[in-house]
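First comes the structure, then the notes that go with it.
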Amino acid sequence: MDIIPAIDILDGRCVRLYQGNYQLAETYGEDPVAVACNWAKLGAPRLHVVDLDGARQGMPVHLDALEAIVTQVPCPVQFGGGLRSIEAVSAVLDRGVDRVILGTAAVENPALIRECCERFGGRIAVGLDARGGQVAVRGWRETSEVEVTELAGEMEKLGVSAIVYTDILKDGTLTGPNLVELQRLTDAVKVPIIASGGVGTLADVLYLLALEPRGLQGVIIGRALYTGDVDLAEALRAAGPSRWQDLPPDDVAFA
């Protein structure tokens, strides 16, 4: 299972939000490029970069920082935030990003998802950011009436390469991922799932590992890495290709 550090960029800085609230952003680095290089140096197999300003404005803002990250780290980089046109997607992919993640477009413009999948193939993923089981859009500021698993099925039919699932109410809380919803999602579709939101301990990573046979491909970790609650090297040893075990903790069971 991939352990993927998150790099969220707001006003040019590396920040973490709390439950998607921009007003509660905490800065963990003034230079996102330096932060990215550090995670790559520590062995991150992939980086998850989000342009929070772009998500709010509807078009990518921090493309220079993104390009600098892509050129300076050896691992693949995936990017999301404000990708609501084929031109924006193309511009980001042209900068060397391995995979782009479209969120709002999945709800408001599925035709764009189809076009991107036809044109760019496996480099297109969607982000399903949920609040109470309903998909949120426009930088998490609005909640739609679309249910997560229903939309996931539609996106699978369009040919997306992966689905990034974020439980917004778990995001930044360090209280553990929403395992119940993740299990529902992995059971609903066959496309690889990447979990995001709530990881606060190494045990949380192992809980998620129990879902790998069901289709969980990776986990994005943000605040816990920056606070030191989760050590990247330990997480990689626990759940990466050379992991300690293939069994979850004793108190974890899935039907």
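Yeah, the Cβs are placed from backbone N, Cα and C, and that goes for glycine too.
Some features that Swiss-Prot has for this protein:
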type: ACT_SITE; residues: ASP8; note: active site, proton acceptor
type: ACT_SITE; residues: ASP129; note: active site, proton donor
Neighbouring CB atoms within 10 angstroms of the CB of the residue listed as 'active site, proton donor', all protein chains considered, total 26
Within the same chain, the residues at least 6 apart in sequence whose Cβ is under 8 angstroms from that of the residue listed as 'active site, proton acceptor' are CYS14, VAL15, ARG16, LEU17, VAL49, VAL50, LEU52, GLY222
